[in-house]
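Chemist: In case it helps, TrEMBL gives these features for our protein:
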{"type": "DOMAIN", "residues": "498-612", "note": "domain 'TmcB/TmcC TPR repeats'"}
{"type": "REGION", "residues": "948-988", "note": "region 'Disordered'"}
{"type": "TRANSMEM", "residues": "87-106", "note": "transmembrane segment"}
{"type": "TRANSMEM", "residues": "127-146", "note": "transmembrane segment"}
{"type": "TRANSMEM", "residues": "178-199", "note": "transmembrane segment"}
{"type": "TRANSMEM", "residues": "220-238", "note": "transmembrane segment"}
{"type": "TRANSMEM", "residues": "244-262", "note": "transmembrane segment"}
{"type": "TRANSMEM", "residues": "274-299", "note": "transmembrane segment"}
{"type": "TRANSMEM", "residues": "311-330", "note": "transmembrane segment"}
{"type": "TRANSMEM", "residues": "672-693", "note": "transmembrane segment"}
Amino acid sequence: MLLAHHIEVMKNTAFGLIYVMGEGSTFNSTPSAERKLMLIMLVDYLQVQRIICARLYGWTKETQDIVANTDVVYLCTNLISKVVPHYSLFIVASLLVILCLTDTFYAAHLFKKGSIDRMWPLKVLRFLVATMVTTAFSSIIKWLMIPTNCLVTEDAPSFSVAVRGEGAECTPFAMPEVLATAPMILLGIAYVTFALITSHLSFECNPLSRQPRASSTGRVEVLFALVKVSGTVLIYFADYITPVAVTAIIFLGSVHVFRAHLSRLPWHDQKINLLRGGVLGCVMHLSASSCVVTILAAAGVWQDGGTQQGVQWALIGLLPVAFMVGVWLVQRRRDAIVDKISRLRGDWEAQRAAHQTIDSGDNHESPGVGVPVSLVPKKTMYTSFFDPTLDSKRAFKSSIEAHTAARVLLNERSESNLPFLRYVLQRGIEEHPDCHDLKILQLTFERFVFNNSLNAAEAEKNLRRRLNALPIDYQYVCYVVDRKATQASAQETIGLGNVTSMHLMEWGAGIERAKKAHLAAIHHIRDFWRQLRKGSRTRMDKSDVSDMLKKLAEFERCSDEAKREYETLLLNYSSSAELLQAYAGFVDNVLNDSRTADKVRAQAMALDDKDEGSDQDADMQLILEQACAQSAGTSTNDNQRVRTFKWLDSFSPTILGSEQSRVISLERKVRAFVFLLVVVSTVGFVLIDLGLLTEEAMFKNIELIDKTGVNRGYGIIASYELRDLFLAARKDDRAKFDYASDYLHTISKKLTAQHIINYEALGSADLADFYNNRICHFVVPIADTWVNRTMNYWEYGNEYSRHFARAGSATFEEMKSLDMRLVNISAEKANIHFVFENTHHNYIPTMEELLSKYEDNVASLGNLASQSVQVIVAINSLLVILMSFFVIRTLPASLKALQSRALGCSFALSLPRNVCLRIFKHYEDIVLQMRIIEDEEMAAQMIQDDNLHDNNMHEGSAPGSPPERRGGSSSPPEMEGGSGRASPGMSG
C-alpha cells in the first residue's frame, strides 16, 4: 500500500507538472504560428530522413551525403565540428539532458510543495521540451551516441582516437572510453523516457482549444517518436540481425504510425493533419526503400555501381510523390468521415422528426416539448444477439472511427451541430460500450462543449471506478478535467474570471499562510489573557511576566505576518468576498479596528450581492454614508466597542504625556544635529575639493611641477642634440643633421611657450618674487672673450631658449670643423659653445630651485587642506557628542516608560480577574468560530448542539423567561470592576 501511495503521488505530481507547463504556454491560431509549427515539423522530418538513409541500411555514400545536406541541424553540427572537436557535441548533449532532467525534478519538487515564488524552472522546462523533444529529438540522440558512433560509421571521427590518440581502435566499452559510454546509455534511456512521456501527455484536453495538439495527438506522436528512436538505435544491431530485419522493423513501425494517423486524424487543424500525413508518407516510403535496398544488396543483385546509384536516385526522387500520396490519403479519410457524418445526419433528422410527431400527437397543446434528449435506442445483450442485421446497422465499424467522427464534426465549429454531435457521440458509445476512448471523449465533451456538469460528473465517476486500469493518457485527461472543474468552482472564491492553476496555487498558499498567522496571533493573545485569569496578582514571578512579554512579542510578529500576507493577496484578489471577510475578521479581532473592519465587510457584502444578481450598490453606499455620519458623535445606538474607544480617546493623551513630549523633543534635536552634520561635512569637503584640491593643487601646482621638470630636461636634451650635430656633420649624414637642427628649434619654441604659461599662472607671492627678482648668472661669448651677465629669471628663461634656436642654425660645413676658438667660429657656433658652458653650471640648478618653490607651494596647500579637515571633523565630533548626550539623557527613562509590551502587561495586571476572564472567553470564542469555519463537520456539530440547547431551554425554562446568554458573540458584555471600561480586543 505504501508503494502504491508513492506511485500515485509521483503520478499526480507528473500530471500536475505537465498540466501547469502546458497551461502556461499560449498558442495564437494565426498563419504565422501555423507556418512556424509546419517549419518545426519539416526540420524534424529532415533529421529522420537523414537517420533512415544510413550506410548500414544499404544506401551509398553519395546518397547519404545528399540527404544529410538537406538537414539543417546536421549542417549546423558540421560547421561546429570544424571549429571545436566532434565529441564536444556529446558533452553539450549530455549537459542539455542533465539540465532537462534536473529542471524537471526541481519543478516537480516546487509543484509538490505548492511554491509559486519561482516560476523560472517551468519556463526553462517548457523551452527545453519545445527544443529537445519536438525539434531536435533525433539529433540529441545522435549526439549522445557519439562515443559509439565508430561502431556504425567510418566517416565520423572516433571517440577512441580522441581519448587514446591516433591509430587507436574503436573500443567504446573498454577503459577509459566506458567512463563516457556507460553514462551515455543511462542518459539516453532517461532522455528517451522523458521524451516519450512528454510526447504522450503534452496535449490539450479541452476540445474547444485552439492548441494544435488534441487528446489523440499524444498516442500517434509517441509512436512516431518510437520509430525515430528505433531508426537511431537499431542500426547498432544490424550486424547481428542483418540490415534487412532492421529496415523491416522500421518499415512496419512507420506503417503502424501512418495507419494510426489515418484512423485518428489526431491534430485539431486539418492542415496540420495533411502535413503530418505527407511527412509520415515520406517516412514510410524511405523505410520501404531502405528495406528494398538492403534486400537487393543482401541478394547480390547489384552488379554495377552505376545501376545501384541510379535506383537510389530514383527512390529519393519519388519522395514528393510519397508526400502527395500521404496528403491525399489523409484528405480521403477525412472526406469519408464527412460523408458518414452526412448520412448519420439524415438518420438523426428522420428520428428527430418521428419523435416530434409522436410528441405532438401526445401533447396537442405544446408540440415538440417531449423530444427526448437521446435518440439512440438502447440495446441489450439479448436484443443484440437476436438481431441479424446488427452489423449492417452499425454506423461506425470501430470505436476509433466514432471518436474521429465526433472530433471532425466538432471542428466544423458550428454551434447548431451540438445536438447532432451529442447524437453521434451517443451512437458511438451505444455501438461500442466498452471503448474507453469514447468514454473519455464523452467526459471532455460534457465538461467543455455541452457544459453539463451533472453528466460530466457522472461520466467521471464511472471512469474513476477503474481509473488505474486505464491508459496513462486517459488518467491524465481525468486529472485535467478535475483540475479545470476545481478552477472553475474557485472563480467565485478567488474573484477572478479565468482562474488558472497558478492562480489557484498562489491563492491556496497565500490564504493558508495568512489564516495560519491570523489564528496564531489569536492563540497568543488568548494565552496572554489565560495567564492573567488565574493566579495571584501580587505574587507574580519574573518568569510569569517574561512569558507574558513573550506572548505579546509573538502576537505582534504573527499579526505583522498575517497583515503582510493579507495585503499581498488583496493586491491580486481584491474582488474575492471570502478574502475580504477573512481580512475583516483579522482587522476586527487582531488589529482591533472595528471601523475599517465594517468597511471591508461592506465591500464583501457588495460583492456577494453582485454575484447574486441583486442591484444594491446604491443602498450599500447610503448605509456606509449614514454609518460614517453617525460615527462622528456619541449616541445611545453605539455599540460597546465604539463607546469604549471614545472613552479611551478622551483621556489617552494624558497617559505618559511628559515622556512622550520628551521623546518628541529629542527627535527634533536629533534631526537638527543630523542636518548640521550633513551640512557642515558636505559644504566643508566640497569647498576643499573645489577650491584647493582641484583648481590650485591639480592645475597651478602639480601640473606646473611636471612642466618645470620637462623644462629641466630640455637643457639636457639640447646638449645631446648639439652633440648629434657634430657627429652627423663628421659622418657627412645630412638627414640626421637636419633632424637634430629642426628638433633644437622645436625645443626652443616649446620652452618659450611653457615659460610664458608658467609666468601667467603664478600661484603664490614666492613664485612671483622668484620670476621677477631672482638674479641668474651666466657667461656669454662676445668677440673672443667670455662676459658675465645677470638678469631676472623671467628674462633668463627667454634668453636661454633664444640661444637654443640660434645654436640650431649652425651650418653643416661649419660643424665639420673641430675648431671651437671664439675668434675662429661664427655667432651660431658660439651659441653652441654657450649652451655647453651654461647648461650644467647655471640652467639646471636654476630649474631645480624653481621646482622646489612649486613643491613648497603644494606642501602649504596640503597643510591648509589638513587643517580644514581637522576643523570639520572637530565640529562634527562636537555635534555627535551633543547628540549622544541628549539621547543618553532622555531615552533610558522615556523608552522604559513607553515600552508597549510592558505597558500592556501593567494595564492587564491592573484589571480585575473577572474582566480578564471575560476577555479570555472572547478570544476563545473567536478561535472556536475560526475552527468552525475551517471544519465543516465541526460546524454541523455546533449547529446540532445549538438546536439541542434551544430545545432544552424551551422545555426547562418558565414561560416568558429570557434564555440564558451564550458565549461566542463578537462583542463581550461590558466589563465590571476596575477603572472604567476596557476594550475586549485590547492587544497589548
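Backbone N, Cα and C atoms are what each Cβ position is placed from, and that goes for glycine too.
Describe the structural context of each listed feature in the structure shown, including burial, neighbouring residues and relevant distances.
Modeler: The domain 'TmcB/TmcC TPR repeats' (498-612): residue composition by secondary structure is 94 helix, 0 strand, 21 coil, according to DSSP.
Counting same-chain residues at least six beyond the ends of the transmembrane segment (220-238), those with a Cβ under 8 angstroms from any Cβ of the stretch are 47-48, 51-52, 54, 56-57, 137-138, 141-142, 145, 148, 151-152, 192, 195-196, 199-200, 213, 246, 249-250, 253-254, 256-257, 260-261, 264, 266, 280, 283.
Distant neighbours of the transmembrane segment (244-262): 52, 56-58, 219-220, 223-224, 226-227, 230-231, 234-235, 237-238, 273, 276-277, 280-281, 283-284, 287-288, 290-291, 293-295, 298, 326, 329-330, 333; these residues of the same chain sit at least 6 beyond its ends, with a Cβ under 8 Å from one of its Cβ atoms.
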Chemist: Cβ under 8 Å, sequence separation of at least 6 from the ends of the transmembrane segment (178-199): give me the contacting residues as numbers and ranges.
Modeler: 14, 18, 90, 94, 97-98, 100-101, 104, 129, 132-133, 137, 140-141, 144-145, 147-148, 159, 172, 218, 221-222, 225-226, 229
Chemist: What else in the chain is close to the transmembrane segment (311-330), if you only count residues 6 or more beyond its ends and a Cβ gap under 8 Å?
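Modeler: For the transmembrane segment (311-330), the list is 59-60, 63, 66-67, 258, 261-262, 265, 273-282, 284-286, 289, 292-293, 296.
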